[in-house]
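As structure tokens, the structure follows; a few thoughts come after it.
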Amino acid sequence: MVGAFDFVPAIVLLPFFSFLVALFLGKYMPKGGALAGITATAGSLLLSIWTVLTVAGFTGTATTYQQTLYTWAGGMEGTPLPYELTFGLLIDPLSSMMLLIVTLVAFLVHVFSLGYMNDEGETGLPRYYAGLGLFSASMLGFVVADNLLMAFMFFELVGLCSYLLIGFWFREEAPPSAAKKAFLVTRFGDYFFLIGVVAVFATFGTAAFAGDGSFPALAEAALAGEGGGDVNTLFGLDPQAWFTVVGLLVLGGVVGKSAQFPLHTWLPDAMEGPTPVSALIHAATMVAAGVYLVARMYGFYALTPTTLAIIAFVGGFTALFAATMGVVKREIKQVLAYSTISQYGYMMLALGSGGYIAATFHLMTHAFFKALLFLGAGSVIIAMHHNENMWDMGGLKDRMPTTYYTFLAGSLALAGIFPFSGFWSKDEVLYEALVHGLGGSPLLLAAWAMGLLAVFFTGFYTFRMVFLTFHGKPRTDTARNPHGVRWNVKGPLAVLAVLAVVAGFINMVPVAKLTGLEIEFLHDWLAHGPSGLTSEHYSELTHDYANYSVGTLVGGELGTALISGAVSLGLALAGAGLAYSLYNVPEPVEHTDRLGSAKDVLFNNYYQDEYQVWLANDVARGISRGADKFDQGVVDGVVNGISSVSLLSGSRVRRIQTGVVSNYAALLTLGLVALLVILGLQGGWFV
Amino acid sequence: MVPPQYYLLLAAAIFCIGLFGILTRRNALLFLMSVELMLNAANINLVAFSVYWGNVTGQTLSLFTMALAAAEVAIGIGIILTLYRNFGDVDVTDAASMRW
């Protein structure tokens, strides 16, 4: 019987065809290839819905799918570890959910692009739509990958598309530079990822994510003391330490792609790209690739408590760090960029503290509300004739109500206000960190505290943005008379706004605990799947290997959940309230001077860019100068020395060729005599 | 029968005379003659050992050597002629342009 799984390759290939069509035929098509992209992503979306329904069991029994499609390098016989490098599909609850998110956002972004790019009379549209198509295809390929190497390849393709689309306006000065920065910074992380992939192959001889022979399963067996002989650890480390090293290497790619500290600097600059691109790539999907990768191989990470602690701490720190920078920004997209970094910090915090479901949940809700906010910002930017400075806006509420109400829904979700989707997911993230922290992992409590503090800043910068943009009196002529937007902008906004409001209802943990109803749908969803890839298995692993256990405050789990939710909601409301009192006035003024010297630090992003430029210019250049000296002096010196010896001796020895035949005869004779003497000495003639 | 040592001594003497000629003479004709002397010293050895062992192979080989020497002289005289044409002399040390 033909089922949804037979069409899964088409989910990836359809956007790829739209890439080819837009690239080669786009200039002959009426909308510059937009229709091909919309059709392809719509097709992928429908197929993804069918896939999700199949996985959920609406078409019979709940089922998952793993299939190797193509072996492009066979096992090498005779070597100790015969590797097989393959392309394959892995469809389980996690990847099918991600397929749905990616195709939905990609489809809406394609539609929105009609308004943002076509209606604004941009040139180079075939290139733009080709980039979007290739990006969608690569991201979907990454999502369905069943092994780490395939995931890595699509991970790189995604990075390439990001580079192409950030630098879309390549004739201006800033975008190409931002594109290069994004490419280089993420590539720096991917370098470690590549070594990690090689290390996984060297250790396990396979990079498959799922099944009995997959590398998380082998790692678990090795740590449990069964079949440890199948695992080669390097450098004489014991399996636990070596797995930590491998996990950290792969984490390098995650930190780069998901814009975690210290490799977050590329993301704010990436806002130079077209706004739909920012929505699709730098908020909803590509940046999610890093988090998704950790979730995908969570069975491996759950075995190494050190890695988990680092993930949690980096995540918590990034959440707070980025949120404070978002507080002072003037451009609407910059605020959103820092909030993106901050929100991915939350997801990492959840993953590191054993909250696999919480991270996946926040990944989903964030994809919806952040895509919504970016597209809303795009709508505002269209209206403002591509002026992004919030201090030039104001009062847009009455002139563009659709954008205002949808943007407000997204903002409430981002700030984590009850009952919007962000509240449920962020609350669960913090809850997981708190209970596991109380259960005997004090480091998680520190990460939790940073995440909790970031909630306040999130509420503040979100509503500062809303009030400055939409409330008060218009501060410029453009804001008094904004450019209108059409259905192709409002439609995607409306769809995403609905999702941003309701997406949280699939997993209302506090309500479920309070009422005892079975409404934790996401828990059930992620609890089934191939053995070894279920959330229950993961929680066993974190409990057994990382000693994560649940600790509670007063009132048991219910009380803790309610207290945690109330505290984070209170902080979010406090932040929003502060923003309300400062900025929701007819003529708001900048209050940043009150921050004193902290203001400069925040405006300059904690001097992270300067620090990295210093690293590159002074440190790296100094080291390379030293390396150059060593190369020129020692390596080249030895080679040149040897060659100069033969040159010199050659120039001396050649002088015996005088051209005088008598000299040659004399040399021949001398040679003969010498030979005779030697032979004589050896033969004992003279004794 | 004359013992072979005498032949060997004679051949060695002739060889040394030829060698001396090659090392000291500058005239190309004398040079050529000295080479001939050395060749013939070898011939004497061949014939002497042939007689000593009662085997005619050595004598046959010496016949070949003579034919070879004749051919060599023909080429040698050709070279000397060219030398004379180019340098106006038969002094071998004049033709020293093929050097480093």
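Numbering starts at 1 and runs along the chain as it is shown here.
For all residues, glycine too, the Cβ spot is worked out from N, Cα and C.
Curation does not apply to TrEMBL; its annotations are automatic.
Record features, source TrEMBL:
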TRANSMEM  A:6-26  transmembrane segment
TRANSMEM  A:33-53  transmembrane segment
DOMAIN    A:83-129  domain 'NADH-Ubiquinone oxidoreductase (complex I) chain 5 N-terminal'
TRANSMEM  A:97-116  transmembrane segment
TRANSMEM  A:128-145  transmembrane segment
DOMAIN    A:145-434  domain 'NADH:quinone oxidoreductase/Mrp antiporter transmembrane'
TRANSMEM  A:151-170  transmembrane segment
TRANSMEM  A:240-256  transmembrane segment
TRANSMEM  A:277-295  transmembrane segment
TRANSMEM  A:307-328  transmembrane segment
TRANSMEM  A:335-357  transmembrane segment
TRANSMEM  A:491-512  transmembrane segment
TRANSMEM  A:561-583  transmembrane segment
TRANSMEM  A:664-685  transmembrane segment
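In this chain, the transmembrane segment (A:240-256) does not touch the transmembrane segment (A:128-145); fewer than three CB pairs sit within less than 8 A of each other, excluding pairs fewer than 6 residues apart. Break the domain 'NADH-Ubiquinone oxidoreductase (complex I) chain 5 N-terminal' (A:83-129) down by DSSP state and the numbers are 31 helix, 7 strand, 9 coil. Under 8 Å from some Cβ of the transmembrane segment (A:335-357) lie the Cβ atoms of residues 254, 258-261, 264, 267-268, 270-271, 278, 282-283, 287-288, 290-291, 294-295, 298, 301-302, 308-323, 325-326, 329, 363, 366, 370, 373-374, 377, 390, 414, 426, 428-429, 431-433, 436-437, 441, 444, 447-448, 451, 454, 457-458, 461-462, 464-465, 507, 522-523, 526, 535, 538-539, 542, 546, 548, all in the same chain and six or more residues away from its ends. Below 8 angstroms of C-beta separation, residues 415-418, 423, 426-427, 430-431, 434, 452-453, 455-464, 466-468, 471-472, 509-510, 513-514, 553-555, 591 of the same chain, each at least six residues beyond the ends of the transmembrane segment (A:561-583), sit close to that stretch.
Same-chain residues lying 6+ beyond the ends of the transmembrane segment (A:277-295) with a Cβ under 8 Å from its Cβ atoms: 94, 98, 101-102, 105-106, 109, 112, 131-132, 135, 139, 142-143, 151, 155, 158-159, 161-162, 165-166, 168, 250-251, 253-260, 267, 270-271, 301, 311, 333, 336-337, 340, 344, 347-348, 351, 356, 359-360, 363, 366-368, 370-371, 373-375, 378.
If you look at the transmembrane segment (A:240-256), the same-chain residues 6 or more away from its ends with a CB under 8 A from one of its CBs are 148, 152, 155, 185-197, 199-200, 203, 219, 223, 233-234, 262-263, 290-291, 293-294, 297, 300-301, 303-304, 306-307, 310-311, 314, 348.
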